[in-house]
Amino acid sequence: MPTVPPVPKGPPHDPQPPPGDPGRRHGRGRRDAGARAQPDAHPDRLRADRQRRQRAVPGGLRTRRHRPHRRPVRQAHERPAAPGHGADGNRHHPRRHGVRPGPGLPRVAAHGPRRRPGRRRGRPDPSPRRAGRDLRELRRRRCGTPRRGGFRRPGAAPRDPRGAGRDGAGGPFDRLTGRSGRLRGRGLVNQIVLLPVILPLLGAGLCLVFGRSARAQRVISIAILALVVTVSAVLLYRADHFGPQTVNVGGWPADIGISLVADRLSALMLLVSTIVTLCVLLYSFGQGIVEFGRDAPLSVFHPTFLVLSAGVSNAFLSADLFNLFVGFEILLVSSYVLITLGGTGARVRSGTIYIVVSMISSVVFLVAIACVYAATGTVNFAALSGRIADLPPEVSTLLQLLLLTTFCIKAAVFPLSAWLPDSYPTAPAPVTAVFAGLLTKVGIYAIIRTQTLLFPDSDLRTLLLWAAVFTMVVGILGAVAQSDIKRILSFTLVSHIGYMLFGVALGSTAGLSGAIFYIAHHITVQTTLFLVAGLIEYRSSTTNLDKLGGLARAAPVLSVMFFVPAMNLAGIPPFSGFLGKLALVQAGVDDHRWLSYVAVAAAVVTSLLTLYAIAKVWNRAFWQPAEPEHEAGDDLGSDSHGGSMHGRSGVSTKTERTSTWKVADESDEQRLPLGMVLPTVLLVGCSVALTVVAGPMLAFTTRAADELMQRSPYIVAVLGGGA
């Protein structure tokens, strides 16, 4: 058997044999009859003169070349590759000749074909994966296209090739990132965070263009709000499965630009508020709201209503104090237009009270923003979460007091709640319903966001607990003393704000979870009750209990629409109101503070008094027979506040003859528009659905509360993400 001549060893520092040495072509397979692989004396290590300037790898193992955008993959046992970048493409590499890796000098069997039949000569065809990589590399060299991941900013740290997070393995950033360390959900998908704000504004502009066409305005408003509901549902899903969704408007950094963030809390609030807004809009169509008749230059209800929706969405998605202030101002302007719609004396007076109180809160808010910026140099929530902790305690307390004062005015927290019962009842029913459901909840949302993110360990929780107790008790005592349905509902609205503030003041995950669940419940139920009050006023021309009666016999459908949300608001089992109050009571008992026990007792007493107030409305308006001079159906031309509902008020409540719903007996001629009844029934169904899905809903609110308590997912999403 022919033997291979020995290969002389060169100097230790010489990586290549001398010219003419057969060792220079050691990677070439040799055809030899009866050739066999030679045993290797040291199979566990590689000879230095056979490595060709490549460092030996222990165990003969080789890792792939450095690719920052991929995870390292450990390959099988192979011989070392040829030297340099892309060594596997070298013509001397044994893999090019079909030689299996192994110890010793590689050989091939004798008389074997050098290539497969039908294969062309030359370099083998590259794999599709390598061909694509080569094409991308060629384009990058010719056109200057950046590598995957984009150009790195000057001074920025390079990406971790292992794809690890910024805060180490197992940190919150690792849970939010994918394979390459980039935030999940970035890109075009995150741009949908802008849509709940942009779409209503665009719709408002289109409604102004078609100001003389009522049908066009209706189509535009319905289409825009339906699309916003869909986008809100998508945001809720993505926030729950992929973490907070964030976008930096204009590409500016989060600490100096405008950022919008949709986490679990804001996405839930956004979805519930848009569903309620859409139902109220449909209700207003059935009521037939038309400003000033056919002589009006244009209709402002639809544009203003869409601007109100944009303001609510902007407030829920804001990631900084100044953008939140802008959202509040949008709400202020649009709500003043809606509350004074028609120009009657009562509405102008209530609108004046509302605008004065709102302007005072705006001034306080602006002063608070100026103080925060002067002390920290930023107004971004995520950046403030770390900087406020470094401030002196007295400065931090002052900033917290200024912010709480502003938000408590917006949320109608006692003693800053006297304006609400005098402002809401005078507006048209759809306007009152959307105000009751949304405007106060924006203030509660702002309290939750600032307390959990900026002041997590504040000493003012005791003050918030006392405010919650007094809000619950004083509000429900005011409701018990009223004899008008709208005013009773307005005082119960103030009272139940105390439940939400109670959960926030506890400062625990259980308390926040119960507060978030109760917010979603209260938005739906309170809006439904105000819409039912509008139906009662439409049919009976008044909401005064002294002039009502017999509605249970005359209008059974209307009675059911009132009874279900009323029992839900009172907290009767098994409705969602009972489950939300039970969660708050359990969180208060687990807090083990005497003031928490006082708040629990106040919550129980408030629930009982709410049941008493609701029972009074049911007994006097529905159960007892009506007095002859006050039977329903005598006069539909005047409302309970002395203003006409036709012509002079600027709000027409005409009944559509083509679609009506008969709610009275056969001898009664009064009918309610189907467009008013169906949205109310839909909201009643939503309130019942909250009871059906209470288990998953409470689990979701618990995850949202845990996310709020951790703070790190929100901070990482804002400061480390963005579009």
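Glycine residues also receive a Cβ, built from the backbone N, Cα and C atoms like all the rest.
Given the structure is predicted, the values throughout are model-derived calculations rather than measurements.
What TrEMBL says about this one:
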COMPBIAS  1-21  compositional bias 'Pro residues'
COMPBIAS  30-51  compositional bias 'Basic and acidic residues'
COMPBIAS  62-74  compositional bias 'Basic residues'
COMPBIAS  100-111  compositional bias 'Low complexity'
COMPBIAS  112-122  compositional bias 'Basic residues'
COMPBIAS  123-137  compositional bias 'Basic and acidic residues'
COMPBIAS  138-151  compositional bias 'Basic residues'
COMPBIAS  639-652  compositional bias 'Low complexity'
COMPBIAS  654-663  compositional bias 'Basic and acidic residues'
DOMAIN    255-286  domain 'NADH-Ubiquinone oxidoreductase (complex I) chain 5 N-terminal'
DOMAIN    318-605  domain 'NADH:quinone oxidoreductase/Mrp antiporter transmembrane'
REGION    1-180  region 'Disordered'
REGION    629-663  region 'Disordered'
TRANSMEM  192-211  transmembrane segment
TRANSMEM  265-286  transmembrane segment
TRANSMEM  322-341  transmembrane segment
TRANSMEM  353-375  transmembrane segment
TRANSMEM  395-420  transmembrane segment
TRANSMEM  427-448  transmembrane segment
TRANSMEM  463-481  transmembrane segment
TRANSMEM  488-509  transmembrane segment
TRANSMEM  515-538  transmembrane segment
TRANSMEM  550-574  transmembrane segment
TRANSMEM  594-615  transmembrane segment
TRANSMEM  677-699  transmembrane segment
Inset, instruction - Could you break down the residues of the domain 'NADH-Ubiquinone oxidoreductase (complex I) chain 5 N-terminal' (255-286) into DSSP helix, strand and coil, giving a count for each? - result: 23 helix, 5 strand, 4 coil
Legend entry - Criterion met for the transmembrane segment (488-509) and the transmembrane segment (594-615) (at least three Cβ pairs under 8 Å): yes
Inset, instruction - Please work out which recorded stretch in 192-211, 353-375, 515-538, 550-574, 677-699 has the most C-beta pairs separated by under 8 angstroms from the transmembrane segment (594-615)? - result: 550-574
Inset, instruction - Can you tell me which of 322-341, 463-481, 677-699 gets the most C-beta pairs within less than 8 Å of the transmembrane segment (550-574)? - result: 677-699
Inset, instruction - Report, as numbers and ranges, which residues of the same chain sit near the transmembrane segment (265-286): CB under 8 Å and 6 or more residues beyond its ends. - result: 196, 218, 221-222, 225-226, 228-229, 232-233, 235-236, 239-240, 245, 301, 305, 308-309, 312-313, 316-317, 428-430, 433-434, 437-438, 441, 445, 448-449, 516, 519-520, 523-524, 527, 531, 534, 656, 673-680, 682-683, 686, 700-701, 704, 707-708
Legend entry - Within-chain partners of the transmembrane segment (395-420) [C-beta distance under 8 Å, separation at least 6 from its ends]: 328, 353-354, 357-358, 360-362, 364-365, 367-368, 371-372, 375, 388-389, 439-444, 446-447, 450, 454-455, 458-460, 464, 467, 470-471, 474-475, 490, 493-494, 497-498, 501
Legend entry - Beyond the flanks of the transmembrane segment (427-448) by at least 6 residues, Cβ under 8 Å: 265-266, 269, 273, 276-277, 280-281, 283-284, 287, 289, 305, 308, 312, 315-316, 324, 327-328, 331, 335, 338-339, 341-342, 347, 350, 403-404, 406-413, 420, 486, 489-490, 493, 497, 500-501, 504, 512, 515-516, 519, 522-524, 526-527, 530-531, 533-535, 537-538, 651, 708
